[in-house]
Amino acid sequence: MDRELALEIVRATEAAALASSQWMGRGLKNEADDAATSAMRKMFDSVNMNGTVVIGEGELDEAPMLYIGEPLGNKNGPAVDIAVDPLEGTSILSKGYPNALSIIAVADRGTLLHAPDMYMDKIVVGPEAAGLIRLDDPIEKSIDIIAKMANKRVRDVNVIIQERPRHEELIERIRATGARVKLFGDGDVATSIATVLPRTGIDLFIGTGGAPEGVIAAAAIKALGGDMQARLAPSNDDERQRCVKMGLEDPTQLLQLDDLVRGDDAIFAATGVTSGELLDGVRFIGGDQVETDSIIMRAKTGTVRYVKAQHRLNQKPHLVMSE
Ligand SMILES: O=P(O)(O)OC[C@H]1O[C@](O)(COP(=O)(O)O)[C@@H](O)[C@@H]1O
């Protein structure tokens, strides 16, 4: 894959962040999601690639923009799989909460897991504990391993977990070990990736969240040298059938990082929409000037770039929310 592609796709996450951020706090999550999706979709037409959406805004029979199977790019470039979440955290944005992102992951054709839109159990750690953590281990054992590898006392280990009734028992068990629990409302892509970055102080991400979000985050976790294990959590026969249709013979098999993203040629780009664990959100700094913060990573080289950009909305009328 050409490395220039990394800079092309960040333009698309910036556009989606700029368009959707104007809906922040308005309580209208579908409108915000539509703004992000159409802004991102437009940017893809000029990108030099022969892409196919494998994680997107829905399936063909629902016919949304950026549907699974949609061809993207001008065909003058590599054959790639594309995973998009134009607005990760639609409710977050509508309520003005932290951690909303616009995200794209691109990888060689056939290397991203085709994950249906259902729940997935996930565990994520940073490079110190890579290769040592198992999704099926008791949480107490995982916390002990992390404390040893990070050279911390258990009471200084920080575990991040989504605040949901389904996690209540797990939260109690984590607290009983003496470790600290950092709860978040929504946005498990930002929080799982933040676990792999040393500056955040987060040691372990665990819990059940969206499967598409799991695959997208895996591309970044791989580029950052972290580790992840996951398992799809189909809740009925229909969901099990959808897994099989998407190529997973055993829907409940344990998925290693290499099953989520095969090979090492993956690029991940995200732009913050609201400020959170990973990035600052879009800032309206007066007049038509707007600032964005993005992160771009390549698994092949392990290079991580932070891109701060200033935009003039009066020169991008297609991204401006109509009154
Ligand atoms: O809200 P649920 O059903 O617990 O699902 C968890 C999922 O929802 C999110 O918090 C937000 O997803 P949306 O963009 O669909 O609002 C994800 O980050 C997470 O994977």
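Backbone N, Cα and C atoms are what each Cβ position is placed from, and that goes for glycine too.
TrEMBL labels come from automatic prediction, so no person has curated them.
For reference, TrEMBL has these:
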BINDING   Asp33, Glu57  Mn(2+) 1 binding site
BINDING   Asp85, Glu88, Glu213  Mn(2+) 2 binding site
BINDING   Glu88, Gly89, Thr90, Tyr119, Arg164, Pro165, Arg166, Asp186, Gly187, Asp188, Gly210  substrate binding site
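Overlay of TrEMBL annotations on the structure.
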| residue | record | contacts (Cβ under 8 Å, 6+ apart) |
| --- | --- | --- |
| Asp33 | Mn(2+) 1 binding site | Ser20, Glu57, Pro86, Leu87, Thr90 |
| Asp85 | Mn(2+) 2 binding site | Ile55, Leu101, Ser102, Ile103, Val189, Pro212, Glu213, Ile216 |
| Glu88 | Mn(2+) 2 binding site | Ala100, Leu101, Ser102, Ile103, Gly187, Val189, Ala190, Glu213, Ile216 |
| Arg164 | substrate binding site | Gly207, Thr208 |
| Arg166 | substrate binding site | Thr208 |
| Gly210 | substrate binding site | Asp117, Met118, Tyr119, Met120, Asp188 |
Of Asp33, Thr90, Arg164, Gly210, the binding-site residues listed, which put a C-beta under 6 Å from ligand 1? Please answer none if none do.
Thr90, Arg164, Gly210
Would you count the other C-beta atoms found within 10 angstroms of the C-beta of Gly187 (substrate binding site) for me?
27
Mind giving me a neighbour count for Glu213 (Mn(2+) 2 binding site)? Other Cβ atoms within 10 Å of its Cβ, every protein chain shown.
24
